[in-house]
């Protein structure tokens, strides 16, 4: 991952302004510690902090067309850049960077080229011939991007809020799958798949088609010129990523770093994830790295985590903290890129509350809502928790083509049907249930869903709640609606995170970038309506899905009060 900052149409282009933009760009250096670049043309500045993954030697940014009249600063990876270069035979390339195609595609196709890109990306492109510019973000919002406006009429774009929040009068999260054009005025959506309209698909379920689509998604993400690995929690999604990567590593560009895949896991000692990940790693023959953290170490990191993730969402902070700690350890080993399993639960209805979906129509619409919101939750967590330490996370489940295949299947196949032996995500489990050449052990392939913040150790969440109880008084929570009228925190844990967030990002625009509303086990507000009991037990933990999770909270108590059952301790 890299960090980009673009400031366009500034009233002041003095040396002091240039110094200020360099200073603000440095706030993104954790994302790209390998090199810094700045292009200044008239009243426009394009800055870049580089994390070198592809062509480390010559791919510094900003990047240009042949005569340097088109300038682009990019954060991301373009997996089909070699195929796109074949369409640009008349163009001269200066580097081996996968992102250089963007400048040449713009020359060839104008603003309509974005849908040709297969990858994760946020970019700003300046055409110095008429001082026009465009900015775009990938289909799902895997890479972060913010847009802001200054009092002097300037337009700002940044990978993270912290680089523009002080200097912009107003700012917001840039919508995924959208393009901003100075010529055409404002935002428009470039990503228009069939599923986006939430119409119910009727396509057949072919396990082999689904399997091959996912394998292709993993293989294309093995494009790297630096050491890499896989984040392995031992759950279904990360285990499938590791299995496919291990199976196809030898024939990929990544094989230059050895034939044995590296895998990484984090958790409290004795946690469910650590045990399952070790078993999967042994089965696949990976070189496995297991990292431990304590509840206190996690609590001590909370301020840094909230600063880097730029959110006060409870679920995101719970899950980001162990990922943040693990990323630092991974980077210390010299690894710069990892594959991760985000997105599967949204596509296949893997969260435990999907057990209560009343019909296939509601099931499908909820998956659509969840995918559309990923940029505010799991994509934000996976990107910013890792980028805090200069580590790039790639997510094969969010491949555009794979999503098209998976979201085109009749949702009846995704429904959780105990009477037919179908647990959550049965559709993808069955696709990889190969008796001849097994991808995973059966009991791992059919392991119940654990949210990352639960799987690292149940006492992690309980420890966070206990800590928040000590920091936030009953009186503080009772007056929360007066102190925080927007997205009012309803628990002490949420209140505690909000106070930290507001110290770093005190503006109204900042708090508005974080979503709100009721949720049960990571559901949208709409899905809370599926079960009347849920409205009394709102908590984002998977254990709040009463009657579903094997270690569910006691149904007679609220999620905030309940101890764990089935022998798990509520303290470390």
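Heads up, the Cβ atoms here are built off N, Cα and C, so glycines get one too.
Because the structure is a prediction, the values reported are computed rather than measured.
For 2-185, the entry in TrEMBL reads domain 'Glutamine amidotransferase type-2'.
The Cβ of residue 2 (active site, for GATase activity) lies under 8 Å from the Cβ of 31, 32, 48, 49, 50, 51, 61, 74, 75, 76, 159, each of these being in the same chain and 6 or more residues away along the sequence. Sequence annotations record features per position, and here TrEMBL assigns active site, for GATase activity to 2.
Contacts of residue 98 (L-glutamine binding site) defined by a Cβ separation under 8 A and a same-chain sequence distance of 6+ are given as 54, 55, 77, 78, 79, 81, 119, 223, in order along the sequence. Look at TrEMBL and you will find 98 tagged as L-glutamine binding site.
A C-beta separation below 8 Å, combined with a sequence spacing of at least six in one chain, links residue 266 (ATP binding site) to 273, 290, 291, 292, 293, 322, 323, 325, 326, 329, 456. Marked as ATP binding site by TrEMBL: 231, 266, 340, 341.
Neighbour list (residue 342 (site 'Important for beta-aspartyl-AMP intermediate formation'), Cβ cut-off 8 Å, at least 6 residues apart, same chain): 237, 374, 378, 379, 381, 382, 393, 395, 397, 398. Annotated site 'Important for beta-aspartyl-AMP intermediate formation' per TrEMBL: 342, in sequence order.
For the ATP site listed in the record, the two most distant Cα atoms among 231, 266, 340, 341 lie 14 Å apart.
Within 10 Å of the C-beta of residue 231 (ATP binding site) there are 27 other C-beta atoms, taking all protein chains into account.
Long-range Cβ proximity for residue 340 (ATP binding site), meaning a same-chain Cβ under 8 A and a gap of 6 or more residues, is found for 230, 231, 238, 241, 382, 393, 394, 395.
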